[in-house]
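Beneath this line is the structure, given in C-alpha cells, with notes to follow.
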Amino acid sequence: MATNALPTTGAKRRFRPGAGDHDKAGPVTYLVLGLAAVVSLFPLYWTFVAASSTGERVAQSPPPLFPSGELWNNISTAWDQAAMGTALVNSTIVAGCVALSTVLFSTLAGFAFAKLTFRGRNALLTLVVATMTVPPQLSVIPLYRIITGLDWGNHLQAVILPSLVAAFGVFFMRQFLSEALPFELIEAARVDGANSLRIIWHVVFPVARPAMAVLGMLVFVQSWNDFFWPFVVLTQQNPTVQVALSAIGGGSGHDINQAVIMTGALVGTLPLLLIFALLGKYIVGGITAGAVKS
Amino acid sequence: MATTIRAAAKDEGTAPVPSAPRPRPAWRSRLYRLDLKGSPYAFIAPFFICFAAFGLFPLLWTGWLSLHYVDLLKPDVMEWKGFDNYTRLWSNDQFWTALRNTFTIGVISTVPQLLMALGLAHLLNYRLRGRSFFRVAVLAPYATSIAAATLVFVQLFNPDYGMINWFLSMFGIHGTDWYADTWPSQIAISTIVTWRWTGYNALIYLAAMQAVPKDLYEAASLDGANRWQQFTRITIPSIRPTILFTIIVSTIGATQLFGEPMLFGGGVGVSGGSAHQFQTLSLYMYELGWPSRQLGRASAVAWTMLLILLLIGLVQYLFARRNRTKLGG
C-alpha cells in the first residue's frame, strides 16, 4: 500500500523564476503570507515575552505583549527546578549520535538502493518504505522490557540505540542519489580498481554531502524534539530537554511560576531556533531542492 | 541503467583492461567479485538489523504480550489470556472515548493542516520578494518541540488570562474553557499540531510544485484558465503522489498523538483531562501500561492501533486506486 506513496517523479523540469509574468506575487499573496508568518512566529515571540516576565505579569489579563527584565532570574530558577544543564548536554549527545548514525547508514543504504543491483532490491526497498508507516510506539512495551532487562533504564544509550536508523533517511538518500550521482562516476572508479568502500568514501560521500547535511539537520531536530520514548525510559535525574520540560510543565500546574515554565520552553527551543536562524535558508533549500520529493 | 554497471563489472572480471596485459591474481578477482556481490547487502544491513531488533521484533512481541496478563513490575510472570484483553477493550467505555478522540483530533488537525499547507505552498511558489524569510518563518514552528510548543499554547489557551480568550473577547466571544470542555480542548490540541506541522508540509508541497513543468501553466493560461483553474486542474493533479504521501504520514502521526494531549492536561495529563475528554489511544495505552502496570492490556491497545492503521491504509489504497482509474493515469 505504501509504495503508492512513492513519487513517480515524472517531471524533471526546474521552476525558472521569472519565466513569465503570471507567477508574480500580488498584494493579497503578501498579505496572506505575512499573516502566516505572524501566526508562525508569534508564539515563539511570546515565549520570549513570558520568559522575561514575572509570574504575576504573565497571569494578567490582557497578557503582556512586550518583554520585561526578568529573563536571567527566570533562567536561574528554571536551571534549579529542572536539570536544564544536564538536559541540554544530554539532548545534544543524543541528537548528535542519532543524527550521525542515521546519516551514515542512510547514505550507505540509499546508495545501494539507488545505484547497485542486487537480488531482492525492489522488495527490500518496498519494505523500507512500508516500515515508515509503522509507528514506533507500537514497539515500546517490549522495548521497555529489553532496556530495563539490560539495566539501561535512565541511560542515554536507551534513547540512542532504537533510533540509530530511520526508514525516512534511507528513502531520502535514495531519492537524492538516484538523480545526483551519475553511473559513469561509479564505473570510472571501478575501472580504476576502487573497491566499494573506496567508492563510498571518494565518490558517494562527496556527491551526497548537501543531502547528508540536510538529513542530518532534520534528524537532529526530530531527535531533539522526540518526546514519547525518552519520557518512558528516562527520569528527571538524567533527562533530555523534553523530559525536563514535561516535569516543569506537567506538575500540579498552578503553584509553579508560569514565567519559569516559559523560560524552560525558551531554553529548550533556543538552540534549535538559533540553528534555524543561521542555517534555515539551507534547510529550506534542501527540502525544496527536491531531495524530499516524497 | 544499472545493468551497465554489471556489464562493466563482468568485463573487468573476465577480460582484463588491454592496457594491463598481466592477468590479475585469482584471489584478487575473487575478492573483487565478492565485494561487488556482497557490498550492497553490507550497505543495507545496518538498517535492516536495527529495524529488526528495535522495530519488528518488539512489534511481534507486543502482539504476543497482548494475549497475556503481564504486570509491569513482574514482567516474567505471564498468564495466558487469549483474546480477553481485546474483548475487555471492546466493552470498555474509556477505550471507545479514546478511539473517538483520536479520530476527531486527527481529523481536525490533519485536514486543515494539509489544506493550509497546500495553499501556502501555492503562494510561496510565486515570484516573491523576501521568499527566504517567508519560507524560514513558516518552518520555524517545526523547530519547536512538542513539549515547548504545548507549554506555550497551554498559556495562550488559558481560560482566565490567556491571549486567545482575550483576543476572542474583542469579537464578543467570552470565556471559552479550552481545558475542560470536549470540543474546545480538542480544538486547542489540534491547533498545536497544526501550528507545528503546516509549514513543514507546505515546503514538501512546494518542492513537488517546483517540479511541475512550467509550459503546462503557459498552455493553460493561453487556453484562458485563470489562476484558480490552474491550481485545481494542473497543480493538484501533478503533485498527487506527494499529497497522498503527506496524508499517510500525517494520519500515522495523528494516530500516535501523545505528547500534546499529555502535556496539555498538566497534572491530569495521563488521563487526558478530568473526563478523558482529550485522551488519545497512545495516552490510554500509556495509562494502562505504566500507571496501571497492565502491560498485556496496553499491548492490546497497541495492536488495535496497528489494525486501525492497516485499515486506514487499505481505505487510502483503494481510494487512490479508484481515483487513478478515474483519471486514466
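Cβ coordinates are placed from backbone N, Cα and C, and glycine is handled just like the others.
Here is what TrEMBL records for this protein:
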REGION    A:1-20  region 'Disordered'
TRANSMEM  A:28-48  transmembrane segment
DOMAIN    A:88-279  domain 'ABC transmembrane type-1'
TRANSMEM  A:93-113  transmembrane segment
TRANSMEM  A:125-147  transmembrane segment
TRANSMEM  A:159-178  transmembrane segment
TRANSMEM  A:199-221  transmembrane segment
TRANSMEM  A:259-279  transmembrane segment
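Scored on C-beta pairs under 8 angstroms, the neighbour of the transmembrane segment (A:199-221) with the top count among A:28-48, A:93-113, A:125-147, A:159-178, A:259-279 is A:93-113. Within its own chain, the transmembrane segment (A:259-279) is flanked in space by residues 44, 47-48, 50-55, 57-58, 70-71, 74-75, 77-78, 81-82, 84, 87-88, 91-92, 217, 220-221, 224-225, 241-242, 244-245, 248-249, which lie at least six positions past its ends and keep a Cβ under 8 Å from the stretch.
Cβ atoms under 8 Å from those of the transmembrane segment (A:93-113) belong to residues 121, 124-125, 128, 156, 159-160, 163-166, 169-177, 181, 200, 204-205, 208, 212, 215-217, 219-221, 223-224, 230, 240 of the same chain, restricted to positions at least 6 beyond its ends.
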